[in-house]
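*Asks:* If you look up TrEMBL, you'll see Ala26, Gly27, Ala28, Gly29, Ser30, Gly31, Lys32, Thr33 marked as ATP binding site. Residues or ranges marked as domain 'UvrD-like helicase ATP-binding' by TrEMBL: 5-285. Annotation comment: TrEMBL describes 286-560 as domain 'UvrD-like helicase C-terminal'.
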Amino acid sequence: MNTYDSLNEQQKLGVFTTEGPVLILAGAGSGKTRVLTHRVAYLIEEKGVAPYHIMAITFTNKAAGEMRERIDSMIGMGSESIWVSTFHSSCVRILRRFADRLGYDNSFTIYDTDDSKTLMKDICKRLEIDTKMYKEKTFLNVISSAKNELISPEEFAQNAIGDFNKTRQAQVYREYQARLKANNAMDFDDLIMKTVELLKFDTEVRNFYQEKFQYIMVDEYQDTNTAQFELVRLLASGRENLCVVGDDDQSIYKFRGANIYNILNFEKHYPNATVIKLEQNYRSTANILNAANGVIANNRGRKEKRLWTESGDGEKIYFQQFDSAYEEADFIARDIAARVRRSEYQYGDCAILYRTNGQSRMLEEKLIMSGIPYKIVGGVNFYARREVKDLLSYMKVVDNAQDDLAVQRIINVPKRGIGATSIGKASDYAYRMGLNLFEALERAEEIPTLGRAAGKIAPFVDLIHHFRKVCANEGLSALLQEIITETGYVEELKVEGTDEAQARIENIDELITKVVSYEQETDEPTLSGFLEEVALVADIDSLDDDGSYVVLMTLHSAKGLEFPNVYLSGMEDGLFPSYMSITADNSDEEIEEERRLCYVGITRAKERLTITGARMRMMRGETQYHGISRFVKEIPEDLIQGNTWEPKPKDDFFSERPMSNRQKMCNMKKTPLAAQTYQAAKDFGTKIQKNSLDYGEGDRVKHVKFGEGTVVQINDGGRDFEVTVEFDGAGRKKMFASFAKLQKV
Ligand SMILES: Nc1ncnc2c1ncn2[C@@H]1O[C@H](COP(=O)(O)OP(=O)(O)OP(=O)(O)O)[C@@H](O)[C@H]1O
Ligand SMILES: [Mg+2]
């Protein structure tokens, strides 16, 4: 069987048009990501392109991981040399090799948001800025936006002439950047900006990567910012074998500098681009899809897209407004419990989505009370916990003693009698002498103001030197063990003996596990490599795939994912759309962005969608009263069921509905989607061809990459069989039979 028969005609065009620029602009669930993975397989298997020449970029680690898995299961040998990664990790890889050409050490540190904040605090103190009037966070936001737009501190200063506020920001930006450089560190935005700089100014490096990446693909292209656009443009220039896929209706990162014009103007940048539209949705039932279409139709200035589906109407969308957020959470927990009890769904099929992180607490409480296992994506990230950060800071100092923040964090942890005053003196001395903090500490004896405190610093410096030797001679996990033993970190927690201390010890154990598994899974494990992997773990990575728990996350984190049973909670005007967007000067624009987020939320659902809201909710300690979200009212009424809006006259659902929407709805009723779908499906006439398999469940099979294993399950996925195999070495994998090319043994 031809591997690509499971694709529709438009998808095939996306896969087979390998040369020149290609833009795939299509709605949610239309198989954009699927086209990308098949395209990679096609390039290698049919066009004989070496995996080494291929790059596929996406936004989250989770998405990159899923893409990697899909590609691995399609092609055997060599898939590991394809770059399948996020923008950030691709850039780290490039910079680890060539950052020295920008005057950094190749072992530079990556600062997370917390680190940047600490640094900014310090800068404001040094520059004597009144942080009550000029907030640190504002400076950081301004700097981040400048970096996303590739504006250097010098350019920023140029543009600021004559503007008092901006001049101050320029001064802070310059100082912030200088300090990062002195610490041999980059923040997240630098990773992209510095790579662009490198590619722009170093012809050798540019030629090297242009030659290497002969085929480039970008998923979720609608959310790229100017710096990311420039990066892709530079890498692809010359051959221009660039395939980008995205959906302008799902652009939700304007606040991080995403520039929707990157996708809308793609054809202007690349006039010879092949533009492909995908219109069949394979993810959701017709009711869910029509609800999403109904909502997004209210945005102006969008490229009109018509999505249809072959799947039936499915269940109606269930909507309920509750008196309080408490009742809302209670309902969701009970609904999930009941469905799992009836074996309709497993916990892992269910996702609860919300607008802001704070909404999770109430939901969590109810889930705990109902004994429902759940995981929060984006809650307190494991790597942000104190004990984990402390130990990682030790490792950072061992790796790169130029990182002042890490040094400051641990110099007196555990207590060594080195007080803030001594640290301040050493840090002032470092500043004056143009040294980094650790270098200053190494010369503590020479710092006149330190006096006797110098004697306390020497053992700390010796300790770090000792750790370096351990790391070089015995490796990473030995290093971590040595740090734990020598600092007495765990001992101290044991003495403390509280539940909290116990939880911290468990987190440390988890970190040890992480280091050991990193060492086992990596060909050449290094301390820098480990720290880098840790720094890049987005919150979403805490999601495992064993499917045994309900997932809670913000709508932003849900992009690209899909679940059979989805709950959209907190659908209230003032919360979603947010009060800020409703009252903003450019309210129309802001609300359109929120509406796109709503579209993303609705389209995550495959089979069931439940929408809930509360009249009364506590926010930042204040009780607030909200009406039903305007987005709910934009869903055609015939798609909705449930105890909805009747109890309170002021919430009358339909009287507020604008006339134009009613008309739209009437039009929809005249041409029912099911009929359109049926006709379109007939017109399509895709041939279904599927070879039978020569192995069955329980048989032993062999895969080129994963080796031998036992077939656990075979599902008829329509156009192809989906085979689940428990491999002896590689564990359980699910793959398409035609790609997997399994041989019975
Ligand atoms: N031709 C096809 N035949 C069968 N299933 C398909 C086909 N194309 C896509 N799918 C399935 O439809 C679902 C959605 O596909 P995919 O995630 O690639 O869509 P997408 O366009 O990337 O969505 P999003 O906009 O949300 O990122 C997946 O479960 C995918 O396996
Ligand atoms: Mg996708």
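Heads up, the Cβ atoms here are built off N, Cα and C, so glycines get one too.
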*Asks:* Let's check the environment of Thr33 (ATP binding site): how many other CB atoms sit within 10 Å of its CB?
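*Replies:* Other Cβ atoms within 10 Å of Thr33 (ATP binding site): 19.
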*Asks:* Which binding-site residues among Ser30, Lys32, Thr33 have CB under 6 Å of ligand 2?
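*Replies:* Within range of ligand 2: Lys32, Thr33.
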*Asks:* Please check each of the binding-site residues Gly27, Gly29, Ser30, Lys32 and report the ones with a CB atom less than 6 Å from an atom of ligand 1, ordered along the sequence.
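*Replies:* Among the binding-site residues listed, those whose Cβ sits under 6 Å from ligand 1 are Gly29, Ser30, Lys32.
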*Asks:* In sequence order, which residues at least six apart in the same chain have a CB under 8 Å from the CB of Lys32 (ATP binding site)?
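*Replies:* Ile24, Ala26, Asp219, Val245, Gly246, Asp247, Leu278 - these are the non-local Cβ neighbours of Lys32 (ATP binding site), listed in sequence order.
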*Asks:* Count the other Cβ atoms sitting within 10 Å of the Cβ of Ser30 (ATP binding site), across every protein chain shown.
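*Replies:* Around Ser30 (ATP binding site), other Cβ atoms within 10 Å: 28.
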*Asks:* Counting across all protein chains shown, how many other Cβ atoms sit within 10 Å of the Cβ of Gly27 (ATP binding site)?
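*Replies:* Result for Gly27 (ATP binding site): 25 other Cβ atoms within 10 Å.
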*Asks:* For Ala28 (ATP binding site), which residues of its chain lie six or more apart in sequence with Cβ-Cβ distance below 8 Å?
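*Replies:* Listed in sequence order, they are Asp247, Asp249, Gln250, Asn281, Arg283, Ala292, Leu307, Tyr599, Val600, Thr603.
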*Asks:* Can you list the residues of the same chain, besides Ala26, Gly27, Ala28, Gly29, Ser30, Gly31, Lys32, Thr33, whose Cβ falls within 8 Å of the ATP site's Cβ centroid?
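*Replies:* Not counting the recorded site residues, we get Asp247, Leu278, Asn281, Tyr282, Arg283.
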*Asks:* For Ala26 (ATP binding site), what is the tally of other C-beta atoms lying within 10 angstroms of its C-beta?
*Replies:* 26
*Asks:* Please report the three-state DSSP label of Ser30 (ATP binding site).
*Replies:* coil
